[in-house]
């Protein structure tokens, strides 16, 4: 009866607890069961899942040989008012059961439970049905498998501290849960302790009846423990398997639960992972002598890989293996056989420490990360699972995919493996990877193009190539349009200067020979044809013996002269490979069609050059035979004779001077440094190489290195100290950097364009104040053309007049008695009638000269209607000159010219300028056309951009004056320059002079940018604002000596700077004319002069280096001798 009553009261209490669990949000289906007071919070109940029962308790009960045959166990208290009844599910099989819910995917077991231990003898129930409901722990029926983390195999020196499970009881006074703490077990004396919080493993082991210690705790409601003693020494047991004092082994405990007692002290018998297959049903392990092979059965030999752990859908995090991140569904590296791998005690990983205490959450996470981080090992893959064995888990993030894919076996091809090449795994003696040099496949450009082109060249029946000239016998013509080569004909278009355009069509069937030279510096083709072709060309091109264009003294049918047997086509540039293949294919097909053997042939450069030289020599001899030719033909003869002479000297063929100037050669060879100027230890040295020296060859453009070098050489070598202190020369890169566009920068978004420009070059003047200088030289390069900008007197705010040191009062009184008064008079005091009356004789004199441009009365009227802001001194000088002409109107023109020439001669030594008023400078027609076109563009631009134009005078804006033939402006300027010595004062005003050797349109934008730079620089240096507008800082484009080719612009820039100090400008009133600043013949030797300077510096610097080396060698020898002498003396 008492048992029935107690059973009924226990059932009632259980139903009440069941009702409470159903009222919770999890519905009572969680795998943590706790029975507590009704006022307990849900959070506390959730934490009790790990504190309900301990597997250690059931171990103690199983060790006594008790077996559970009931589906439930009733634990009664001494008071009889509470009975704890625990329901567990039993599995139909003897395998293990996987525990879920662990956040790191590990199955935690109790202490001292090896994976090799079995649970034979415990039959798990399938569940318990109460009131129509089945109670279980929300786990599947699959057999449980304990992972390596559940083994809890600690090294001997590690203490293990366990938290005993919490025993629950129901007291009348509402007693709370009390914990029982077992004393920590230790293998060796060590300070390392591990705290393991146990969880319930009801699905893995059958819950046994409570141990006597547990019953005692529940009965007396106190924390106590039943102590056991060693049967041999009588001391208290601290370990259930071995006595710590005498070392005796407890055999009864070793055989409990039919587990094999495998200790870590045994070096043999490696700890193996569990198989992924469950043991055969009904097979049970023996109590003693259980080996790994018997425990796993044949599955160990068949399955060499670990289990594929399927992750929950909610845990699609990246899985780390061997320190690398593998995406979900990714392939896992190949796993090796665990039987072949052994591990020592020192290689064991630390187990994970779990605790339900909230205060230790952070520490647990840190330790968990440390324990899961793989150690460097020579295994193919390191698993994130901490274990003591050879852990090689093949992880797959996709659960569905893992279930569908069959498990791999050694017999199956390993498709999910990543194999590293053997060469990549090779290591040297030190264990480092062997880095083999990257071998690049050598690509033969010739072979790469020949194959595809040779297959498709039959599809090309014609090719258009650019040719620069043609020679037919002794006839030479330049070609403007390209030549068309086809299988049927060769079409050449000639545009004669005096005749109508002619189209020459050579039928390929009439050709007898084609010789081809495809050298980069001389690509040329020599064609030979039947005599009828020469006769046709002679008529078509109007060749005659009188003109000596084609001399066939021996008859057309008996052509023996070398120069008359070829039709020569000289190409613009060397053909690329594709064009060459097509061209040669067409010529080869022509020879096949004409059935001519050896029709196409390639010749060397020397042979091609000798043929061209022979053609030119023959032409010169034919010209010498006819001395009674017309004047224009004589010019042509002399023109061609120059070519012949150059060909003799250089053994190189050029068509004419223009072509020779345009033919640029490319520097080939190793680059070697010649000099550093100034040499060390001076700062700012410029290195000049042999490649830079190549730029000084005729026809080559000067580069920035030569420009910067020579400008620095002028300042340091040729200028006086006081002159060098008055100037500042910017680098040739200054303006480019000033005007360079940059990417958007958040720091400069609020700055203006002027400030952004200045910010790029603000450090260029950190050591100099440019406003204290008189002249600032800025070399500029735009569109591959060099020109010079000179900022004059940037520190002045207005024009400044100073006494003229070269003023001659006697000369002024003799020529113009009123000149002194007119120099100080204003524009309103000038007589307009005298200017009008003097203008006509001047124009008449200019019209009488055949080399001057026609000047109409409208131009004179334009001069008279100039704005009032024109400089007074210039107007006074013009009026003085015109008055002088009016006085001498009745005299002969020669007298007036001689008088002007005398004045110019007298002022030559004083001003450093020689002005020949009526000399004309001839330039090539092409340059004249370009300048005229630029002049027209500048005139149009002046109308459109009146506000942007710098303050250029009428001579720059007038198209006629922009050309070199505008001598009216030259004459006016010459009188101004020639009469500098007649003025008592000279003007110094802030201005920007642009000196261009190839005058074109006004470069107003350059002056504008320089003005804006000066404004910001003034604000930065002086701390105040100042305007550098066109009213304050005027811009002018003075007339300077002009180049007669297209490559000497840089040489002229250097000469402008040099002449600025050799023949200084005294008066800076605008406009100014410097056309005769230096003699033109000097420019022909300027390149050679700079070259010689560099070579001399190289020689001197090489000598200095040699002397320095010799001195160092002598010093080292002397030191060595002294050391030797001292050493020998000490030994004696």
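Placement of Cβ uses the backbone N, Cα and C atoms for every residue, glycine included.
Under a cutoff of 8 A between CB atoms, and with a sequence separation of 6+ in the same chain, the neighbours of residue 785 (active site) are 998, 1049. The annotation active site is assigned in Swiss-Prot to 785 (among others).
Taken from Swiss-Prot, the feature active site applies to 936 (among others), supported by similarity to another entry.
Among the features that Swiss-Prot reports, active site is placed at 1049 (among others).
What Swiss-Prot lists as SUMO2 cross-link is 648.
Sequence annotations record features per position, and here Swiss-Prot assigns phosphoserine to 41 (among others).
According to Swiss-Prot, the feature phosphoserine maps to 355 (among others).
The feature phosphoserine is assigned by Swiss-Prot to 356 (among others).
Here Swiss-Prot flags 371 (among others) as phosphoserine, drawing on similarity to another entry.
Annotation source Swiss-Prot lists phosphoserine at 373 (among others), citing similarity to another entry.
Residues annotated as phosphothreonine in Swiss-Prot: 436.
Swiss-Prot lists 938 (among others) with the feature phosphoserine.
For 1131 (among others), the entry in Swiss-Prot reads phosphoserine.
Swiss-Prot lists 23-51 (among others) with the feature region 'Disordered'.
According to Swiss-Prot, the region 'Disordered' annotation covers 327-388 (among others).
What Swiss-Prot lists as region 'Protease' is 686-1132.
Under the DSSP three-state reduction, residue 1049 (active site) is assigned to helix. Other C-beta atoms found within 10 angstroms of the C-beta of residue 1049 (active site) number 20, with every protein chain shown included. Averaged over the region 'Protease' (686-1132), the predicted model reaches a pLDDT of 68.
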